[in-house]
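Written out below as structure tokens is the structure these notes cover.
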Amino acid sequence: MKFVDSASIRIEAGKGGAGCLGFRREKYIPDGGPDGGDGGDGGHIYFQGQEGFNTLSEFRFKRLFRAKNGQPGSGQNKRGKSAQHLTVEIPLGTKIYDLETDELIGEMIEHEQIILVAKGGFHGLGNTRFKSSINRAPRKTTPGSPGEIREIGLELSIMADIGLLGMPNAGKSSLIRQISNAKSKVANYPFTTLHPSLGVVSYYDEHIIMADIPGLIENASKGVGLGFEFLKHLFHTKALLHVVDIFPVDGSDPVENFLTIEKELKKYDQKLAKKPRLLAINKMDLLSGGDRETVVQSLLKGTRYNGKVYRISALNGLGCKNLVAGLFKLVKENE
């Protein structure tokens, strides 16, 4: 599964501080020479790679990033203070483009990697700089140069091996938290997941990436709800994991919920509907041993599903180790 998230922002590096026009004026030195100091440099703007981010959503709300200007110089040859540089954190895997030239500025690969994207302006020169044997009282100064201003495009691409299917609030976010390092927000209401949540699942010394896409609803194949914006991403997964809540909080029928998801996949694309998958039946911890098999068989009969089934609890981890082993096996079989 390849997620492509994008954002456009404007960055403005700081302007250099102006040089000072000044002359030394002391009690016993009425005609002192120039003493105007240089200004400070403007702040650069850097991007820094940070683990733990998986979308560019925050850049849809904040689109302007501006570094501070350098301070002007002053008398007694005092230089203005240079501005602090501005560092903007972005997710690993993000490509950085100059939108005006289409130039690829760089790609964020490693945690805490630094990329300079806009240089601050150079400091202005005070009149002391222009003193010479010919001109002992120069009145010339220079302003600080402007900082770089760029229109920046950010593009984040992340590949996932397993895509999670399920109705809203089926327990997918809880499951991905249980078996991976993801920190997806979890609450007891539909549409908990509003953005793709990705987690790295480890099994001995191997790793796969699992993607929890927003829960599907009826007519998602027509764009209803969160629609086919996320359905289309399922094409590039190696396999799918369908999570069914055996006790939905909205009182809906687990069999109908399963069939709704399958129907939407078939309506969207037949090849997608035939993609290899596993079924995880969630909240099995709420049933006693004898009742579990009765409920599972009733679900399988109603859905006519005949593939591999895992009885799990995303909350307390019941059956999750076996599920992880099954996922790794499925991914290897479909590489």
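Every residue, even glycine, has its Cβ placed from backbone N, Cα and C.
Copied from Swiss-Prot, the annotated features are:
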BINDING   166-173, 191-195, 212-215, 282-285, 313-315  GTP binding site
BINDING   S173, T193  Mg(2+) binding site
DOMAIN    1-159  domain 'Obg'
DOMAIN    160-332  domain 'OBG-type G'
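Features recorded in Swiss-Prot, as mapped to the structure shown.
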{"residue": "G166", "record": "GTP binding site", "DSSP class": "coil"}
{"residue": "K172", "record": "GTP binding site", "DSSP class": "helix"}
{"residue": "K283", "record": "GTP binding site", "DSSP class": "coil"}
{"residue": "S313", "record": "GTP binding site", "DSSP class": "coil"}
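Most buried of the binding-site residues K172, K283, judged by other Cβ atoms within 10 Å, is K172. Fewest other C-beta atoms within 10 angstroms, among the binding-site residues N169, S173, are seen around N169.
If you take the Cα of S173 (Mg(2+) binding site) and the Cα of G166 (GTP binding site), they are about 10 angstrom apart, rounded to a whole number.
All chains included, 25 other C-beta atoms sit within 10 angstroms of the C-beta of G166 (GTP binding site). Using a 10 Å Cβ-Cβ cutoff, S313 (GTP binding site) registers 20 neighbours. Averaged over the domain 'OBG-type G' (160-332), the predicted model has a pLDDT of 80.
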